[in-house]
């Protein structure tokens, strides 16, 4: 079907970019039933959330490393530098975050079909991100590399810190027992899902650092997936807590949306 690696690479980039649109539309009407949106009636076979997160995010580590070593630029220090933020994020998401979940005695309520779907997406995405950085990026003729990398890294790093902090707040509330509570403090005073805002910022920074269609496709798909889910989270909080929930909060972008 594909006459060359470049054709395969371009097809996957195009596929992810195009799939962002139907994903965004679908997410207006259907919220994936995990986390606070879990319902046993809609979920089918379920597994432990820590196992689900470790499984579905795992290609972002092992496949990234395998593909990276196959690229013509894998010995280039700039390629190592560029892939590092990506690996930092997914080390947290694949290893550290599941361990933090495990310590909270979570129930087996993560749908297996969602974990498998996310695993497949991460296979495709890890391939194109690692392949671009290690093989197709032209470091020798990129005069703006350091400018874009510096600005992108600031955005990425700020988003990652926000994402980790917000996850910590939510996990801390869960560990208190007694059901869901209203998260407060920091950006939780402005949006219902600062963890999603942080992740959107990360992949905006990544798209800027890589300056590639692969990075852009990932950022666009992230927005298509997380923005509607943030809106669903916001509606869920309003329905659950009613008048007690702060009315000035937005869903994901402070003061805007």
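The backbone N, Cα and C atoms fix where each Cβ goes, glycine too.
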>> Quick check on the annotations: Swiss-Prot lists transmembrane segment for one of 179-199, 200-220. Which range is it?
In response: 200-220
> What same-chain residues lie close to the transmembrane segment (47-67): Cβ under 8 Å, and 6 or more beyond its ends?
Replying inline: 34, 83, 86-87, 90-91, 93-95, 97-99, 101-102, 106-110, 112, 114-116, 118-119, 122-123, 125-127, 129-131, 134
> Which range out of 78-97, 110-130, 200-220 gives the transmembrane segment (11-31) the most CB pairs under 8 Å?
Replying inline: 200-220
>> Checking distant contacts: for the transmembrane segment (151-171), what same-chain residues at least six beyond its ends satisfy Cβ-Cβ under 8 A?
In response: 85, 88-89, 92, 97, 100-101, 104, 183, 185-188, 193-195, 197-210
> Going along the chain, which residues at least six beyond the ends of the transmembrane segment (200-220) come within the CB cut-off of under 8 Å?
Replying inline: 9, 13-14, 16-17, 20, 82, 85-86, 89, 125, 128-129, 131-133, 136-137, 142, 144, 148-149, 151-160, 162-163, 226-227, 252
